[in-house]
Ligand code: ATP
Ligand code: MG
């Protein structure tokens, strides 16, 4: 069964949306096989988003991602990488489909409530960034 990494970003945690996001995953038949709350340091956030380090929004993204606690989860299910991306909606909430998490809750292109891995390789890297094998309970 496929796995992916999901993050509830600092805006989602601060706005008490943890339960709402989890409810959407469970309702969709996705299983949560690992979960923790943590507050990223600048170095940890930079390591996670290293692929974006040349982008103009990188510094702002780092400020945002370290601004408060996040919730990290490993999701499991059939085609869960694509399924989760569909539930999240487009990066820019104005372009996100109706009924998606970002369409319903994002307030800004940056403050878009959730992160989800976008491919099998990034999922493997991102899961191992937050969890060791003992912390994942299938
Ligand atoms: P994520 O990787 O967080 O799941 P994504 O894959 O939909 O989101 P990316 O292109 O990987 O989008 O961008 C990573 C994050 O950087 C976005 O979710 C958003 O928080 C921020 N971001 C992306 N594009 C912009 C932008 N043009 N201006 C400001 N922030 C942006
Ligand atoms: Mg991305």
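Backbone N, Cα and C atoms are what each Cβ position is placed from, and that goes for glycine too.
No curator has checked TrEMBL annotations; they are predicted automatically.
Between the candidates 3, 85, TrEMBL assigns the ATP site shared with 9, 57, 91, 102, 112 to 85. Note: the CA-CA distance between residue 115 (active site, pros-phosphohistidine intermediate) and residue 9 (ATP binding site) rounds to 7 Å. Checked against ligand 1, the binding-site residues 9, 57, 85, 102, 112 give 57, 112 as the ones with a Cβ under 6 Å from it, listed in sequence order. In the domain 'Nucleoside diphosphate kinase-like' (1-138), helix, strand and coil residues by DSSP number 64 helix, 26 strand, 48 coil. Largest CA to CA distance in the ATP binding set (9, 57, 85, 91, 102, 112): 21 Å, whole number. The Cβ of residue 112 (ATP binding site) lies under 8 Å from the Cβ of 9, 11, 91, 92, 93, 102, 106, each on the same chain and at least six residues away in sequence.
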